[in-house]
Amino acid sequence: MSSKNDDTDTQGISYLTSLPRRVVTVYVPLAIFVFVLLFPFYWMVITSLKPDNELLSRDGNPFWVIHPTLAHFNKLLFHTSYPAWLWNTVIVTVVATFVSLLCSVLAAYAIERLRFRGARQIGLSIFLAYLVPPSILFIPLASIVFQLGLFDTRWALILTYPTFLIPFSTWLLMGYFRSIPFELEECALIDGATRLEILWKIVLPLSVPGLISAGIFAFTLSWNEFIYALTFISSSEVKTVPVGVVTELVEGDVYHWGALMAGALFGSLPVAVIYSFFVEYYVSGLTGAVKE
Amino acid sequence: MLPAGVLLLLFLTYPLGLGIWLGFTDTKIGRGGAWIGLENYQFLWSDSVTRLALFNTLFYTFIASVVKFVLGLWLAILLNERLPLKTFFRSVILLPYIVPTALSAIAFWWIYDSQFSIISWALVKMGLIDHYIDFLGDPWNARISTIVANIWRGVPFVAITLLAGLQTISPSLYEAGAIDGASGWQRFRFITLPLLTPIIAVVMTFSVLFTFTDFQLIYVLTRGGPLNATHLMATLSFQRAISGGALGEGAAIAVAMVPFLLAAILFSYFGLQRRAWQQGGSDK
């Protein structure tokens, strides 16, 4: 945080660079980056507010809305299964996140603090498990889900999402637990606390920031999940937002762009809001997990 | 420990094994398969669509990763400058990364629309082109368009993690370099890059891994079309296994990705080792 430097400047000598030069080498490129990275969101908002005739006209200025309308949101919320998708996504995400966090805390604590043979190897294999991508696992998982009779239910997602959530949060929490002084626990052990008491009363309160990071990651990852939800769910009522929007609002020859964009926007909002409240945790979690 | 272990064994290790086994069978949806050995792989190797998908995947991964690296590093360096509203920029820039890919891909789908594309509109108004570009209808246009969307989504991740790496480099090194008369480029080449190498290795492994196995973006934007021009291994595997019902064949395609991923993971492992070694620690 404190050091602010780059290839041409350091905090100490940056006053040597003139302002016009900084405008060209720093501000202009940065402005372009921000513009390009944010433009699609702006475009989503604008499109979702445009009435159809403005949307499909090539005249005038497409970058602005002349007669903003909420018709697309109205259609989305009251004439499609969108609310059901939203509800499914919330349930699946919350339960999967909670289950994963619970498992990860126990697993990470065990790996870090209960000294048993092979703990290091298990730690490494957790990391490797995180690197196994869903696009390799979805076929066998589909057949398991089918055999368990969970096909087309929320349980299919609640039980499979932890496969990518647990490795990631465990990895994150392992790093966090490692930073808690061991002596605290030793004192408690001497005073006769059990392992679970130590975990509950000492370790967890101290690792709240780590838990928050892991929680946000689990939340965003499961909210974004696509391929499992696409594969394991077939009825409209059980779909999640990303899959529902893509498979149900897109079908047919006439694309309802306004409603599509409204759906995309509305589905992105929850993660964006949660993220904006906890940016610092998210960023530190992201960089921490990569650097570990 | 136990609950995590059970869940992971049941839903991760077992599926991985099952997937590999399925690759050796002719399982269809709704009917168990028989062991057919390497037949799937032999068939796939002679199948022109699979070969095209392999080519597309390598092309997609290579171009997207290189561009993501260059732009990400550049953005990280810019963000590392003395800036007003620095925290704000940092958080805003990650947005493309956290928003569900399927949903932002829809925005790109609309931006690439053949009749109403805003890009075409702007270029026509500027007088640079005289007819609308068919972004997703032409094989090479579609490849480039999907790659651009992937880069858009991936740059923030690379930038933010590299930024974290940049912030660990002490400013005094740059001052020393400047006093010794090093130019801006020399300071970048001989101070920034070497110190950043370990984290670059890890970040790029992640980036390559997730680009290689990408699914959502292609599925939403093109479903592998036009003429299979944008099929990646993952989308082809989905199409054969779930839409086509040939679970065994699809599993074989998915398993065929594993060697590439293993290579990336090994690379990452040695990257990590090197980092621990460079910092004089042996904590790994």
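Cβ atoms here come from the backbone N, Cα and C positions, even for glycine.
The domain 'ABC transmembrane type-1' feature in TrEMBL is assigned to B:54-270.
Only residues 6 or more beyond the boundaries of the transmembrane segment (B:58-79), in the same chain, are considered here, and those with a CB under 8 A from a CB of the stretch are 86, 89-90, 93, 143, 146-147, 150-151, 154-160, 162-163, 165-166, 192, 200, 203-204, 207-208, 211-212, 214, 230, 232. According to TrEMBL, the feature transmembrane segment maps to B:58-79 (among others).
Counting residues 6+ beyond its ends, the transmembrane segment (B:91-112) has Cβ neighbours under 8 Å at 75, 79, 118-119, 135-136, 145, 149, 152-157, 159-160, 216-217, 219-221 in the same chain. The feature transmembrane segment is assigned by TrEMBL to B:91-112 (among others).
Sequence-distant contacts of the transmembrane segment (B:151-169) (same chain, six or more residues past either end, CB-CB distance under 8 Å): 64, 67-69, 71-73, 75-77, 79-80, 90, 93-97, 101, 104, 108, 191-192, 195-196, 199-200, 203-204, 206-207, 210-211, 217. The transmembrane segment feature in TrEMBL is assigned to B:151-169 (among others).
When Cβ-Cβ distances below 8 Å are used as the criterion, the transmembrane segment (B:190-212) is approached by residues 57, 60-61, 64-65, 68-69, 72-73, 77, 150, 154, 157-158, 161-162, 164-166, 168-169, 173-174, 177, 182, 233, 257, 260-261, 264-265, 267-268, 270-272, 274-275, 278 of the same chain, each at least six residues removed from its ends. Sequence annotations record features per position, and here TrEMBL assigns transmembrane segment to B:190-212 (among others).
TrEMBL lists B:251-272 (among others) with the feature transmembrane segment. A Cβ distance under 8 Å defines the sequence-distant neighbours of the transmembrane segment (B:251-272), meaning residues of its chain 6+ beyond its ends; these are 19-20, 22-24, 27, 40-41, 44, 50, 53-54, 57, 198, 201-202, 205-206, 208-209, 212-213, 233-234, 236-237, 240-241, 284.
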